[in-house]
Amino acid sequence: MASPSSSCKQEHAFLSPLLLFLPLLLLISSSVADLSFNFYGSSCPGAEFIVRNTVRSASSSDPSVLGKLLRLIFHDCFVQGCDASVLVRGNGTERTDPGNASLGGFDVIESAKNVVEIFCPGIVSCADILALAARDAVEALGGPVVAIPTGRRDGTVSAAENVRPNIIDTDFTVDKMINIFSSKGLSVQDLVVLSGAHTVGAAHCNTFNSRFKRDPRGNFELIDASLDNSYAQTLLNKCSSSMDPTTTVVNNDPETSSTFDNQYYKNLLAHKGLFQTDSALMEDDRTRKIVEILANDGESFLERWTESFMKMSVIGVRVGEEGEIRRSCSSVN
(Lines of atoms letter the chains of each structure in order from A and count residues from 1; the text may use other names and numbers.)
(Lines give C-alpha, C1' and ligand atoms only; values in the text may rest on other atoms or scores of the structure.)
Protein backbone atom coordinates (compact mmCIF):
# COMPACT_ATOMS: atom_id res chain seq x y z
CA MET A 1 0.00 0.00 0.00
CA ALA A 2 1.32 3.44 -0.87
CA SER A 3 2.20 5.71 2.02
CA PRO A 4 0.13 8.88 2.57
CA SER A 5 3.06 11.00 1.37
CA SER A 6 3.49 9.01 -1.84
CA SER A 7 -0.26 9.13 -2.51
CA CYS A 8 -0.16 12.90 -2.04
CA LYS A 9 2.72 13.19 -4.51
CA GLN A 10 0.87 11.07 -7.05
CA GLU A 11 -2.23 13.20 -6.68
CA HIS A 12 -0.30 16.43 -7.19
CA ALA A 13 1.45 14.96 -10.21
CA PHE A 14 -1.88 14.95 -12.05
CA LEU A 15 -2.79 18.50 -11.08
CA SER A 16 -1.79 21.30 -13.40
CA PRO A 17 0.95 23.49 -11.88
CA LEU A 18 -1.02 26.45 -13.20
CA LEU A 19 -4.10 25.46 -11.18
CA LEU A 20 -2.01 24.90 -8.06
CA PHE A 21 -0.10 28.17 -8.10
CA LEU A 22 -2.06 30.69 -10.16
CA PRO A 23 -3.93 32.15 -7.14
CA LEU A 24 -0.61 32.64 -5.34
CA LEU A 25 1.01 34.19 -8.39
CA LEU A 26 -1.79 36.71 -8.77
CA LEU A 27 -1.31 37.80 -5.17
CA ILE A 28 2.43 38.40 -5.52
CA SER A 29 2.89 40.95 -8.27
CA SER A 30 1.19 42.16 -11.39
CA SER A 31 4.45 41.79 -13.34
CA VAL A 32 4.41 38.06 -12.60
CA ALA A 33 1.40 37.79 -14.90
CA ASP A 34 3.89 37.88 -17.78
CA LEU A 35 5.51 34.70 -16.49
CA SER A 36 4.00 31.33 -17.24
CA PHE A 37 4.55 27.65 -16.64
CA ASN A 38 6.29 25.96 -19.57
CA PHE A 39 7.13 29.39 -20.98
CA TYR A 40 9.63 27.82 -23.37
CA GLY A 41 7.30 25.03 -24.49
CA SER A 42 7.37 26.21 -28.10
CA SER A 43 10.48 28.37 -28.36
CA CYS A 44 12.88 26.00 -26.55
CA PRO A 45 11.07 22.86 -25.39
CA GLY A 46 14.21 21.17 -24.09
CA ALA A 47 15.32 24.08 -21.88
CA GLU A 48 14.21 22.71 -18.52
CA PHE A 49 15.54 19.24 -19.35
CA ILE A 50 18.92 20.70 -20.25
CA VAL A 51 19.14 22.59 -16.96
CA ARG A 52 18.09 19.57 -14.91
CA ASN A 53 20.55 17.31 -16.72
CA THR A 54 23.38 19.82 -16.25
CA VAL A 55 22.68 20.08 -12.52
CA ARG A 56 22.57 16.29 -12.12
CA SER A 57 25.77 15.83 -14.10
CA ALA A 58 27.65 18.46 -12.11
CA SER A 59 26.47 17.05 -8.77
CA SER A 60 27.62 13.54 -9.69
CA SER A 61 31.23 14.74 -9.61
CA ASP A 62 30.75 17.40 -6.90
CA PRO A 63 27.72 16.86 -4.62
CA SER A 64 28.42 20.14 -2.81
CA VAL A 65 27.36 22.09 -5.90
CA LEU A 66 23.70 21.45 -5.06
CA GLY A 67 23.84 23.49 -1.88
CA LYS A 68 25.80 26.18 -3.71
CA LEU A 69 23.13 26.52 -6.39
CA LEU A 70 20.44 26.90 -3.75
CA ARG A 71 22.40 29.60 -1.97
CA LEU A 72 23.07 31.36 -5.26
CA ILE A 73 19.42 32.10 -5.96
CA PHE A 74 19.01 33.72 -2.54
CA HIS A 75 21.90 36.07 -3.23
CA ASP A 76 20.47 36.88 -6.64
CA CYS A 77 16.80 37.40 -5.85
CA PHE A 78 17.31 39.45 -2.70
CA VAL A 79 19.48 41.98 -4.57
CA GLN A 80 17.58 43.79 -7.34
CA GLY A 81 15.23 40.86 -7.83
CA CYS A 82 15.66 37.55 -9.67
CA ASP A 83 17.53 38.94 -12.67
CA ALA A 84 20.79 36.94 -12.66
CA SER A 85 22.76 40.08 -11.79
CA VAL A 86 24.79 38.06 -9.28
CA LEU A 87 26.28 36.07 -12.16
CA VAL A 88 27.96 39.03 -13.85
CA ARG A 89 31.74 39.24 -13.59
CA GLY A 90 33.78 42.44 -13.48
CA ASN A 91 35.02 45.21 -11.25
CA GLY A 92 32.39 46.56 -8.89
CA THR A 93 29.79 43.86 -9.67
CA GLU A 94 27.77 42.03 -7.04
CA ARG A 95 30.24 39.16 -7.13
CA THR A 96 32.99 41.44 -5.82
CA ASP A 97 31.20 42.20 -2.54
CA PRO A 98 32.77 40.26 0.37
CA GLY A 99 29.35 38.83 1.22
CA ASN A 100 29.37 37.02 -2.13
CA ALA A 101 33.00 35.91 -2.05
CA SER A 102 32.15 32.35 -1.04
CA LEU A 103 29.35 31.83 -3.57
CA GLY A 104 29.67 28.90 -5.96
CA GLY A 105 27.81 27.11 -8.71
CA PHE A 106 28.50 29.74 -11.37
CA ASP A 107 30.09 27.20 -13.73
CA VAL A 108 26.97 25.04 -13.63
CA ILE A 109 24.77 27.94 -14.71
CA GLU A 110 27.19 28.90 -17.48
CA SER A 111 27.41 25.30 -18.68
CA ALA A 112 23.63 25.01 -18.89
CA LYS A 113 23.47 28.34 -20.72
CA ASN A 114 26.09 27.21 -23.24
CA VAL A 115 24.11 24.08 -24.10
CA VAL A 116 20.82 25.96 -24.30
CA GLU A 117 22.41 28.51 -26.64
CA ILE A 118 23.36 25.74 -29.06
CA PHE A 119 19.75 24.66 -29.49
CA CYS A 120 17.91 27.92 -28.77
CA PRO A 121 20.18 30.93 -29.21
CA GLY A 122 18.98 34.14 -27.59
CA ILE A 123 15.81 32.60 -26.14
CA VAL A 124 16.37 31.43 -22.55
CA SER A 125 17.42 33.90 -19.87
CA CYS A 126 20.14 33.30 -17.31
CA ALA A 127 17.64 34.35 -14.65
CA ASP A 128 15.39 31.44 -15.59
CA ILE A 129 18.31 29.03 -15.76
CA LEU A 130 19.40 30.06 -12.26
CA ALA A 131 15.89 29.65 -10.84
CA LEU A 132 15.45 26.27 -12.49
CA ALA A 133 18.89 25.08 -11.38
CA ALA A 134 18.14 25.97 -7.74
CA ARG A 135 14.79 24.22 -8.01
CA ASP A 136 16.44 21.14 -9.51
CA ALA A 137 19.16 21.15 -6.84
CA VAL A 138 16.50 20.81 -4.14
CA GLU A 139 14.88 17.96 -6.03
CA ALA A 140 18.24 16.20 -6.42
CA LEU A 141 18.72 16.45 -2.65
CA GLY A 142 15.45 14.64 -2.05
CA GLY A 143 13.29 17.73 -1.69
CA PRO A 144 10.01 18.54 -3.41
CA VAL A 145 9.56 19.16 -7.11
CA VAL A 146 8.55 22.80 -7.31
CA ALA A 147 6.64 24.08 -10.32
CA ILE A 148 7.92 27.58 -11.00
CA PRO A 149 6.88 29.91 -13.82
CA THR A 150 9.47 31.09 -16.34
CA GLY A 151 9.84 34.06 -18.63
CA ARG A 152 12.24 36.13 -16.52
CA ARG A 153 14.53 38.56 -18.29
CA ASP A 154 18.14 39.28 -17.33
CA GLY A 155 19.13 42.50 -15.61
CA THR A 156 21.68 44.82 -17.15
CA VAL A 157 23.07 46.26 -13.91
CA SER A 158 25.20 44.49 -11.30
CA ALA A 159 26.62 46.72 -8.57
CA ALA A 160 28.40 45.69 -5.38
CA GLU A 161 26.84 48.62 -3.54
CA ASN A 162 23.43 46.98 -3.84
CA VAL A 163 24.46 43.82 -2.00
CA ARG A 164 24.91 44.77 1.67
CA PRO A 165 21.57 46.56 2.16
CA ASN A 166 19.69 43.54 0.86
CA ILE A 167 21.25 40.32 2.13
CA ILE A 168 20.99 38.71 5.56
CA ASP A 169 24.18 38.77 7.59
CA THR A 170 24.86 35.96 10.06
CA ASP A 171 24.57 38.24 13.11
CA PHE A 172 21.19 39.78 12.24
CA THR A 173 18.36 39.91 14.76
CA VAL A 174 14.93 38.52 13.93
CA ASP A 175 13.64 42.07 13.52
CA LYS A 176 16.31 42.85 10.92
CA MET A 177 15.59 39.64 9.04
CA ILE A 178 11.85 40.26 9.07
CA ASN A 179 12.39 43.79 7.75
CA ILE A 180 14.45 42.58 4.81
CA PHE A 181 12.05 39.76 3.99
CA SER A 182 9.10 42.12 4.26
CA SER A 183 10.77 44.52 1.82
CA LYS A 184 10.82 41.65 -0.68
CA GLY A 185 7.15 40.81 -0.17
CA LEU A 186 7.92 37.79 2.00
CA SER A 187 6.28 36.97 5.32
CA VAL A 188 7.56 35.81 8.70
CA GLN A 189 6.56 32.30 7.71
CA ASP A 190 8.57 32.64 4.50
CA LEU A 191 11.57 33.70 6.60
CA VAL A 192 11.42 30.58 8.75
CA VAL A 193 10.63 28.24 5.86
CA LEU A 194 13.34 29.58 3.55
CA SER A 195 15.83 29.45 6.43
CA GLY A 196 15.30 25.70 6.07
CA ALA A 197 17.71 25.88 3.13
CA HIS A 198 20.34 25.49 5.83
CA THR A 199 19.38 21.83 6.03
CA VAL A 200 21.95 21.39 3.24
CA GLY A 201 25.17 23.09 2.22
CA ALA A 202 28.21 24.18 4.18
CA ALA A 203 29.68 27.33 5.67
CA HIS A 204 33.13 28.75 6.31
CA CYS A 205 34.28 28.96 9.92
CA ASN A 206 34.62 32.74 9.87
CA THR A 207 30.83 33.06 9.48
CA PHE A 208 30.08 31.53 12.89
CA ASN A 209 33.30 31.19 14.93
CA SER A 210 32.60 34.39 16.89
CA ARG A 211 30.15 32.32 18.94
CA PHE A 212 32.94 30.52 20.83
CA LYS A 213 36.69 30.77 21.41
CA ARG A 214 39.69 29.40 23.27
CA ASP A 215 40.80 31.36 26.32
CA PRO A 216 44.50 32.27 26.87
CA ARG A 217 45.05 28.84 28.42
CA GLY A 218 43.65 27.06 25.39
CA ASN A 219 40.42 26.04 27.07
CA PHE A 220 37.07 26.18 25.31
CA GLU A 221 34.86 29.16 26.12
CA LEU A 222 31.26 29.53 24.92
CA ILE A 223 30.40 33.12 24.00
CA ASP A 224 26.88 32.63 22.61
CA ALA A 225 24.79 30.87 25.24
CA SER A 226 22.08 30.05 22.69
CA LEU A 227 24.43 27.44 21.18
CA ASP A 228 24.65 23.90 22.55
CA ASN A 229 27.90 23.56 24.48
CA SER A 230 29.02 20.20 23.08
CA TYR A 231 28.12 21.21 19.53
CA ALA A 232 30.11 24.42 19.93
CA GLN A 233 33.13 22.44 21.12
CA THR A 234 32.86 20.20 18.07
CA LEU A 235 32.75 23.25 15.81
CA LEU A 236 35.74 24.79 17.59
CA ASN A 237 37.78 21.62 17.08
CA LYS A 238 36.91 21.51 13.38
CA CYS A 239 37.68 25.17 12.86
CA SER A 240 40.90 24.98 14.84
CA SER A 241 42.29 22.36 12.48
CA SER A 242 43.07 25.09 9.96
CA MET A 243 44.84 28.42 10.25
CA ASP A 244 42.47 29.95 7.70
CA PRO A 245 38.83 30.23 8.86
CA THR A 246 37.81 31.53 5.43
CA THR A 247 38.60 28.22 3.75
CA THR A 248 37.62 25.61 6.35
CA VAL A 249 34.02 24.52 5.83
CA VAL A 250 31.50 22.85 8.13
CA ASN A 251 28.15 21.33 7.18
CA ASN A 252 25.18 23.58 7.98
CA ASP A 253 23.28 20.54 9.21
CA PRO A 254 25.40 18.20 11.39
CA GLU A 255 22.89 15.35 11.06
CA THR A 256 21.63 14.96 7.46
CA SER A 257 23.76 17.39 5.47
CA SER A 258 23.08 15.87 2.06
CA THR A 259 19.31 15.47 2.38
CA PHE A 260 16.70 18.17 1.98
CA ASP A 261 14.50 17.54 5.00
CA ASN A 262 13.24 19.19 8.19
CA GLN A 263 16.27 18.18 10.28
CA TYR A 264 17.33 21.84 10.36
CA TYR A 265 14.38 22.67 12.60
CA LYS A 266 15.07 19.71 14.86
CA ASN A 267 18.61 21.03 15.19
CA LEU A 268 17.26 24.42 16.25
CA LEU A 269 15.19 22.79 18.99
CA ALA A 270 18.41 21.15 20.20
CA HIS A 271 20.24 24.51 20.08
CA LYS A 272 22.41 23.35 17.19
CA GLY A 273 21.80 26.14 14.73
CA LEU A 274 25.11 26.89 13.05
CA PHE A 275 24.61 30.63 12.61
CA GLN A 276 23.52 33.21 15.11
CA THR A 277 20.60 33.97 12.80
CA ASP A 278 19.52 30.32 13.06
CA SER A 279 19.50 30.39 16.85
CA ALA A 280 17.68 33.72 16.81
CA LEU A 281 14.64 32.02 15.29
CA MET A 282 14.19 30.17 18.57
CA GLU A 283 14.35 33.32 20.68
CA ASP A 284 11.38 35.14 19.18
CA ASP A 285 7.77 34.02 19.64
CA ARG A 286 6.89 34.98 16.07
CA THR A 287 9.39 32.54 14.61
CA ARG A 288 9.80 29.90 17.32
CA LYS A 289 6.23 28.66 16.94
CA ILE A 290 6.77 28.06 13.24
CA VAL A 291 10.08 26.31 13.93
CA GLU A 292 8.34 23.94 16.34
CA ILE A 293 5.64 23.10 13.80
CA LEU A 294 8.13 22.37 11.04
CA ALA A 295 10.39 20.35 13.32
CA ASN A 296 7.51 18.02 14.09
CA ASP A 297 6.03 17.76 10.59
CA GLY A 298 8.37 17.05 7.70
CA GLU A 299 5.58 17.00 5.13
CA SER A 300 4.41 20.42 6.24
CA PHE A 301 7.91 21.79 5.72
CA LEU A 302 8.11 20.43 2.17
CA GLU A 303 4.68 21.83 1.32
CA ARG A 304 5.47 25.25 2.75
CA TRP A 305 8.88 25.24 1.08
CA THR A 306 7.16 24.80 -2.27
CA GLU A 307 5.09 27.92 -1.69
CA SER A 308 7.83 30.08 -0.18
CA PHE A 309 10.45 29.13 -2.75
CA MET A 310 8.09 29.94 -5.58
CA LYS A 311 7.37 33.33 -4.02
CA MET A 312 11.07 34.07 -3.68
CA SER A 313 11.80 33.00 -7.25
CA VAL A 314 9.62 35.79 -8.66
CA ILE A 315 10.87 38.70 -6.55
CA GLY A 316 11.36 41.78 -8.73
CA VAL A 317 11.40 39.85 -11.99
CA ARG A 318 12.10 41.60 -15.30
CA VAL A 319 9.52 40.67 -17.92
CA GLY A 320 8.30 41.67 -21.36
CA GLU A 321 10.67 44.22 -22.85
CA GLU A 322 12.58 44.85 -19.61
CA GLY A 323 16.19 43.78 -19.34
CA GLU A 324 17.65 41.43 -21.93
CA ILE A 325 18.46 37.83 -22.75
CA ARG A 326 22.21 37.54 -22.19
CA ARG A 327 24.40 35.62 -24.58
CA SER A 328 26.69 34.77 -21.65
CA CYS A 329 25.55 34.69 -18.04
CA SER A 330 28.78 36.24 -16.81
CA SER A 331 28.42 39.47 -18.81
CA VAL A 332 25.73 41.79 -20.08
CA ASN A 333 25.28 42.03 -23.84
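Along the chain as shown, the residues are counted starting at 1.
Here the Cβ of each residue, glycine as well, is placed from N, Cα and C on the backbone.
Predicted automatically and left uncurated, TrEMBL annotations should be read as such.
Features of the protein shown, as given by TrEMBL:
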SIGNAL    1-33  signal peptide
DOMAIN    34-333  domain 'Plant heme peroxidase family profile'
DISULFID  CYS44-CYS120  disulfide bond
SITE      ARG71  site 'Transition state stabilizer'
ACT_SITE  HIS75  active site, proton acceptor
BINDING   ASP76, VAL79, GLY81, ASP83, SER85, GLU94  Ca(2+) 1 binding site
DISULFID  CYS77-CYS82  disulfide bond
DISULFID  CYS126-CYS329  disulfide bond
BINDING   HIS198  heme b binding site
BINDING   THR199, ASP253, THR256, ASP261  Ca(2+) 2 binding site
DISULFID  CYS205-CYS239  disulfide bond
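Residue pair ASP76 (Ca(2+) 1 binding site) / the residue listed as 'heme b binding site' shows a Cα separation of 17 Å.
Across the structure, THR199 (Ca(2+) 2 binding site) and CYS44 (disulfide bond) are spaced 33 Å apart at their Cα atoms.
Take the binding-site residues ASP76, ASP83, GLU94, ASP253, ASP261: by the count of other Cβ atoms within 10 Å of each Cβ, the lowest one is ASP261. Only CYS77, CYS126, from the recorded positions CYS77, CYS126, ASP253, THR256, place their Cα within 10 Å of the Cα belonging to ASP83 (Ca(2+) 1 binding site). Taking the centroid of the Cβ atoms of ASP76, VAL79, GLY81, ASP83, SER85, GLU94 as the Ca(2+) 1 site, the other same-chain residues with Cβ within 8 Å of it are HIS75, CYS77, PHE78, GLN80, CYS82, ALA84, VAL86, GLY155, SER158, ASN162. Among the recorded positions SER85, GLU94, HIS198, CYS205, the ones whose Cα sits within 10 Å of the Cα of ASP253 (Ca(2+) 2 binding site) are HIS198. Using a 10 Å radius centred on the Cβ of HIS198 (heme b binding site) and all shown protein chains, the other Cβ atoms total 24. Other residues of the same chain near the Ca(2+) 2 site, with their Cβ within 8 Å of the Cβ centroid of THR199, ASP253, THR256, ASP261, are VAL200, GLU255, SER257, THR259, PHE260, ASN262, GLN263, TYR264. Around the Cβ of CYS126 (disulfide bond), a 10 Å sphere holds 30 further Cβ atoms from the protein chains shown. Listed in sequence order, ILE73, ASP76, ALA127, LEU130, ALA131, ARG152, MET312, SER313, VAL314, ILE315, GLY316, VAL317 are the same-chain residues six or more apart from CYS82 (disulfide bond) with CB atoms under 8 A from its CB. CYS329 (disulfide bond) sits 15 Å from the residue listed as 'active site, proton acceptor', taking the Cα positions as reference.
Ranked by Cβ neighbours within 10 A across all protein chains shown, the recorded positions ARG71, HIS75 are led by ARG71.
Note: the CA-CA distance between CYS44 (disulfide bond) and CYS126 (disulfide bond) rounds to 14 Å.
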